[in-house]
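Written below as structure tokens is the structure these notes are about.
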Amino acid sequence: MNAMDNMTADYSPDYFDDAVNSSMCEYDEWEPSYSLIPVLYMLIFILGLTGNGVVIFTVWRAQSKRRAADVYIGNLALADLTFVVTLPLWAVYTALGYHWPFGVALCKISSYVVLLNMYASVFCLTCLSLDRYMAIVHSLTSTQLRTRGHMRASLTAIWLLSGVLAAPTLLFRTTVYDVETNRTSCAMDFNLVVSQPGQETYWIAGLSISSTALGFLIPLLAMMVCYGFIGCTVTRHFNSLRKEDQRKRRLLKIITTLVVVFAACWMPFHVVKTMDALSYLNLAPDSCTFLNLLLLAHPYATCLAYVNSCLNPLLYAFFDLRFRSQCLCLLNLKKALHASPASSLSSQKTEAQSLATKV
């Protein structure tokens, strides 16, 4: 195994793996990555754990005034929270030069959670967009469809589908020990399904392209169609002076921002991954220079994708007055627990619930 193979021990929990494609190339990792990437991972971990925890608690507390959008946002935060708790493992992995000391089980589970988060996040955003589409474009006829029962069914479908699509990671991800470097990597191993040389190439390319199509391109296209119709309806029919329409505009602005930020964070990751997959199929350049560029860009594209998991709570706080108010009430409640009697706690809770307005 040469320098390139050592580096491509699948240092991130997706289907990106250039060991076959670039076995004749020499590659030297950019040394600052071993220090910079772990620091970024831990920063995302701290911000994501705190921010998404606050979002989940805020959504949970306002049960009586909870909007459909709040439920999807709560599940989006749950997906992000589940993912960020694995980041310390990946930080250690990178800091040790892509050596995995945590065993096979954590290798499989933490890799699975990363893809589960990717699918669940984009599906939650898609359902948010569809909910806004039904509420705005078909406001008079969508009442029967936008019920709690349908919402629960869609959430069940989101998590089941996400779990199934991420399942190949549980099957193929394992630890691989390299005698030459004395390192154990958390990598994809297709020996269970590969019987002839060259078949692994199609498995890697197929899984990579399908995950990008199902976990990014198709949902993003669906969301763009929704917002196209929404934009036309808002332009024609919304009255900027009506309070109900103002609330709908604010919520629409928040959700649109979430979608745009998600696309911006994940697009470089999917571009790098897709170009790598296409090079396997001889549909993209396979020169050492091009492959080295992909390998150098991949950890940072991955890191940018992970940043999305800590940005959403900041976006809620910046754009959503309702969310900010509830967070302030939450802080006041904590103070009241230490400084006020039970009556103060009750009044604070009533104030927090009164801030919620259905849209």
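Using N, Cα and C of the backbone, Cβ positions are placed for all residues, glycine too.
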A69 vs T184, same side of the membrane according to Swiss-Prot: no
Candidate cysteine (C107, C288, C303) that Swiss-Prot pairs with C186 in a disulfide: C107
Long-range neighbours of the transmembrane segment (76-96), counting only residues six or more past its ends (CB under 8 A): 11-13, 33-35, 37-39, 41-42, 44-45, 48-49, 52-53, 55-56, 59, 102, 106, 110, 113-114, 116-117, 120-121, 124-125, 128, 162, 183, 186, 258, 299, 306, 308-310, 312-313
Spatial neighbours, same chain, of C107 (disulfide bond) - Cβ under 8 Å, 6+ residues apart: W100, R173, T174, T175, C186
Whole-number Å value for how far C288 (disulfide bond) lies from N182 (N-linked glycosylation site) (Cα to Cα): 25
Criterion met for the transmembrane segment (37-57) and the transmembrane segment (287-307) (at least three Cβ pairs under 8 Å): yes
Intrachain residues whose Cβ lies under 8 Å of the transmembrane segment (214-234), provided they are six or more past its termini: 115, 118-119, 122-123, 125-126, 129-130, 132-133, 136-137, 165, 249, 252, 256, 259, 263, 266-267, 270
Number of helical, extended and coil residues in the topological domain 'Extracellular' (273-286), per DSSP: 8 helix, 0 strand, 6 coil
Disulfide-bonded residues compared (C186, C288) - highest count of Cβ atoms within 10 Å: C186
